[in-house]
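TrEMBL lists B:LYS7, B:TYR8, B:GLY9, B:GLY10, B:THR177, B:ASP178, B:TYR183, B:ARG188, B:LYS213, B:VAL214 with the feature ATP binding site. The feature substrate binding site is assigned by TrEMBL to B:THR47, B:GLU78. What TrEMBL records for B:278-357, B:359-425 is domain 'ACT'.
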2 protein chains.
Amino acid sequence: MALIVHKYGGTSMGSTERIANVAKRVAKWARAGHQMVVVPSAMSGETNRLLGLAKELAPEKLTDACLREMDMLASTGEQVSVGLLSLALQAEGVPAVSYAGWQVPIKTSNAYTKARIESIDEERVRRDLAAGKVVIITGFQGVDADGNITTLGRGGSDTSAVAVAAALKASECLIYTDVDGVYTTDPRVAPKARRMQTVSFEEMLEMASLGSKVLQIRSVEFAGKYKVPVRVLSSFTPWDIDINEEARSGTLITFEEDEKMEKALVSGIAFSRDEAKISVLGVPDKPGIAYQILGAVAAANIEVDVIIQNLSKDGKTDFSFTVHRNDHARALDLLKNEVLPRLGEAQVVSDTHICKVSIVGIGMRSHVGVAAKMFQTLSEEGINIQMISTSEIKTSVVIDEKYMELAVRTLHRAFGLDQTASSPA
Amino acid sequence: MALIVHKYGGTSMGSTERIANVAKRVAKWARAGHQMVVVPSAMSGETNRLLGLAKELAPEKLTDACLREMDMLASTGEQVSVGLLSLALQAEGVPAVSYAGWQVPIKTSNAYTKARIESIDEERVRRDLAAGKVVIITGFQGVDADGNITTLGRGGSDTSAVAVAAALKASECLIYTDVDGVYTTDPRVAPKARRMQTVSFEEMLEMASLGSKVLQIRSVEFAGKYKVPVRVLSSFTPWDIDINEEARSGTLITFEEDEKMEKALVSGIAFSRDEAKISVLGVPDKPGIAYQILGAVAAANIEVDVIIQNLSKDGKTDFSFTVHRNDHARALDLLKNEVLPRLGEAQVVSDTHICKVSIVGIGMRSHVGVAAKMFQTLSEEGINIQMISTSEIKTSVVIDEKYMELAVRTLHRAFGLDQTASSPA
């Protein structure tokens with residue numbers, strides 16, 4: 001018997017029929033003797049419907065007072081969900097009680113539409129759990145110090161669930177999603193991609209920020225900070241699947257590098273096709289040059305990813321970076337019209353046909369030669385590396401986008417990630 | 001400059017376009033220098049939609065825990081309304097802030113789905129009003145002592161508005177509805193029915209309970225208890241109607257019998273076609289007989305309206321009463337099978353083709369002969385009176401239902417209620 005948190009997304013809550021199925025699944029866990037807390041999202045489409053109504057009436061320029069009302073509106077979606085799920089559980093004969101964020105309370109900052117959770121009072125929830133009730137808490141929302149309703153922004157229900165699990169010191173937080181776990185890479189690119197049984201939260205952070213959109217990155221940060229074991233698993237399995245099988249399914253995000261963790265140096269291959277490369281060539285190699293170039297880009301609210309500065313030669317250096325492909329034209333304009341005129345003979349070249357491929361693995365920390373093996377593997381396939389960027393548990397390269405699938409599949413095989421008959425997953 | 005409460009029903013809030021019109025009307029009042037509090041209902045159809053979803057999932061037998069969830073669900077309808085109206089006001093350039101019942105807070109009993117308002121904290125609202133904001137408060141709902149959301153039952157938004165007006169000692173509570181006021185009788189029955197400029201709350205209570213369904217009867221009781229001036233007026237006038245004209249329109253429910261009140265002995269003619277008459281004839285005239293008959297009826301949860309016991313003759317008496325027509329067959333069965341066997345030779349007769357017509361007027365208190373004039377008027381038209389019942393400000397007669405329209409129109413004229421060219425309304 002354990003204290004377990006379940007989180008269900010909008011698709012799982014998308015109709016009364018689906019909500020009835022969620023209730024049956026939760027009831028199964030409760031009947032197995034677990035103390036259950038459930039954090040559902042709004043029914044799919046509901047948040048958009050509400051914000052659509054708001055858009056028809058709101059002024060063009062949204063003030064803080066307007067954002068406050070947006071949160072009043074949007075928070076009702078989850079309140080409907082918790083009420084319905086509680087009724088469905090009671091129809092199953094399972095005692096249940098629902099709470100809006102303010103009733104727990106889940107206290108947040110007052111940054112409407114993107115508030116951060118500050119504290120969760122566990123007392124009321126514990127009392128209900130002790131009384132044998134399933135406790136259902138609205139995702140996505142809380143209340144600020146002045147009693148105003150706040151929301152956490154899109155995907156905030158993941159964060160709510162992890163935060164509730166942290167506050168209650170839950171044994172595990174199960175996030176039911178439309179994928180059955182975290183994969184070594186995207187199976188659509190590398191058909192031999194394998195579901196990981198476990199992944200460290202640091203790897204998960206790198207994977208998430210590199211495009212594996214399984215979990216909101218903030219929820220992963222939260223899980224890391226409070227060491228909440230989080231399991232990502234499929235909401236598409238039948239509700240009456242054997243509970244022990246269900247409890248082992250999906251991917252567990254862990255915080256301990258213990259024996260149970262997979263021993264691979266590299267855990268997964270991430271990639272992104274959304275970037276463009278911009279190079280400023282022949283700039284004077286003197287202090288402040290990076291700021292002159294990147295400061296202007298940042299001031300225009302353009303996010304920069306990989307940044308490389310080459311060794312200087314004859315007092316000149318080359319400077320390259322990547323931006324989101326949507327920002328490419330704007331960044332280029334900015335450099336040509338505002339930055340270059342101050343840099344003498346420098347010139348700008350750019351390339352939108354690039355991609356970024358990364359190997360991610362907590363094992364890289366303690367092993368040398370992992371990056372070298374990556375470079376060798378790509379070289380053997382004749383793939384030219386344009387840029388390299390490394391962090392403690394990740395090595396990224398920028399290459400021509402036409403080689404992306406080849407690079408991902410080759411690296412996946414080279415680092416021993418391919419699915420085999422004896423694969424544990 | 002005054003503190004004014006506006007209440008808008010679901011039809012007025014039925015679409016974003018209509019909400020924008022409500023915002024324009026409220027903005028007009030705010031710009032005229034009034035401190036404004038607005039209590040809107042849920043968008044029309046929304047409460048039924050939510051309860052429909054609940055019905056699909058809830059167990060057949062609704063426990064108190066289920067009713068609690070119904071209130072979680074149903075209360076979201078008004079929360080959406082207040083958020084949207086606040087945004088629309090801000091689009092008009094009028095500062096506004098919305099509150100759910102629990103945020104004010106409006107404290108209620110814990111009787112889910114039919115809670116009663118116990119107290120309203122005015123501090124937060126007053127602070128916002130002093131800061132020049134329009135305050136928008138959800139109708140229909142509040143919060144119990146344990147922080148659970150409660151609703152007041154159907155039509156509860158009228159009660160919310162009146163209660164908020166009472167707490168704030170508002171100058172007036174304006175209830176915008178789909179009728180333009182309270183009439184001397186139903187214009188569909190008596191085309192010369194006239195809108196009353198004022199009506200006493202006692203008369204309004206009698207009119208409401210007799211079928212003039214303009215306001216929830218609980219809101220009228222509340223208004224009477226706290227002496228809140230309530231005005232019923234039309235939501236169909238253009239929002240940009242002259243504010244002074246609007247402020248004088250509709251019907252004001254008053255609490256003082258001052259010079260301004262209309263001097264009529266009779267203020268209105270109410271009627272009901274929903275009743276049936278049952279008579280028990282030849283019962284022994286002895287103590288406990290009324291209880292023997294009506295106790296059984298009440299025990300079966302059948303509501304009894306008019307009750308008449310005739311003078312006894314030869315130790316026997318006749319006993320008549322009216323019940324709702326839907327309860328007629330059940331009441332008759334009950335009497336024949338359970339009550340009569342214990343009453344010796346008594347027999348039961350009944351009539352479903354009756355109606356009740358009442359004259360209502362606070363002036364009746366201090367004037368004799370009003371009832372006599374009613375009887376005379378009906379007699380002159382050849383209408384036979386079957387039963388008579390009187391209260392301080394009302395006289396009701398039961399007559400054959402085929403005479404109903406004739407009786408209403410004749411009494412309306414006889415008591416000087418007919419609309420004339422010089423009529424003030």
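Here, residue 1 is simply the first one shown, and the rest follow in order.
From the backbone N, Cα and C atoms, a Cβ is placed for every residue, glycine too.
Annotated features taken from TrEMBL, shown on the structure.
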residue  : record                 : CB count, 10 Å
B:LYS7   : ATP binding site       : 30
B:GLY9   : ATP binding site       : 20
B:THR47  : substrate binding site : 21
B:GLU78  : substrate binding site : 32
B:THR177 : ATP binding site       : 20
B:TYR183 : ATP binding site       : 24
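Assigned with DSSP, the residues of the domain 'ACT' (B:278-357) fall into helix, strand and coil as follows: 29 helix, 32 strand, 19 coil. When pLDDT values are averaged over the domain 'ACT' (B:359-425), the model yields 86. The separation of B:GLU78 (substrate binding site) from B:THR177 (ATP binding site), Cα to Cα, is 17 Å. Mapped onto three states, the DSSP output places B:THR47 (substrate binding site) in helix. When the Cα atoms are compared, B:THR47 (substrate binding site) and B:TYR183 (ATP binding site) turn out to be 29 Å apart. In the three-state DSSP reading, B:THR177 (ATP binding site) counts as strand. Comparing B:TYR183 (ATP binding site) with B:GLU78 (substrate binding site), their Cα atoms are 30 Å apart once rounded.
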